[in-house]
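Step one of this worksheet: look at the structure below.
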Amino acid sequence: MVDILGHFAVGLLWAIPAWFVWERRRALMFLGFVLSAAMVPDVDLYVPWLAHHGPTHTLLFVVAVGIVGGAVTTLVAMWWSGWSGGSKEFRPTLYAFSTVAFLVGGLSHVFIDLFSNSQAGQPLNPFWPFFEKPFHLYAIHHFSAPIWNGFLLLGAITVHLVLFALNPAPALRGLSARDR
């Protein structure tokens, strides 16, 4: 199985496209949302009555977290701006932006657990409640080593630092001062 370093690394790798879509500030915000969701499926480790790799490691749970996370993010942003700040277009845009980021983080977690969970480990049932059969796709055999996860995280951070350096500042992209 993957440890916390591996989950953050895979979340970062899945978030690389953000640098090709947005300028620095928005890409960094997207990364923050992805990383905040990358460990959410492992909440089952801290809830005694939930089995690990149970309901929190399903696509249904990840979608629910994305929808709720996007709504909470939008409400907090509205509260922060005094409920009247921002245009009407801002709210659905922020909701979609944060929901997609939470989905990317959660899906990256479930995906890497599917590929790194040994047959001896607890199986995942990512399509529950639609399909009851658990999955074993044990394709990454040495992914549980902390050294491997650490190097993967270091590589992912390096890629993001390079993309940050290559991503032009907002003024160079032609964004107005309001958009920065």
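Yeah, the Cβs are placed from backbone N, Cα and C, and that goes for glycine too.
Record features, source TrEMBL:
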type	residues	note
TRANSMEM	6-22	transmembrane segment
TRANSMEM	29-47	transmembrane segment
TRANSMEM	59-81	transmembrane segment
TRANSMEM	93-112	transmembrane segment
TRANSMEM	147-166	transmembrane segment
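At the 8 Å Cβ cutoff, the transmembrane segment (93-112) and the transmembrane segment (147-166) share fewer than 3 close pairs (sequence separation 6 or more) and do not count as touching. Counting C-beta pairs under 8 angstroms (sequence separation of 6 or more), the transmembrane segment (6-22) fails to reach the transmembrane segment (59-81), with fewer than 3 such pairs. Among residues of the same chain six or more beyond the transmembrane segment (59-81), those with a C-beta under 8 A of the stretch's C-beta atoms are 33, 37, 40-41, 91, 94-100, 102-103, 106-107, 109-110, 126-129. Residues of the same chain lying 6 or more positions beyond the ends of the transmembrane segment (147-166) and with a Cβ under 8 Å from any Cβ of it are 2-3, 5-6, 8-10, 12-13, 15-16, 19, 24, 27-28, 31.
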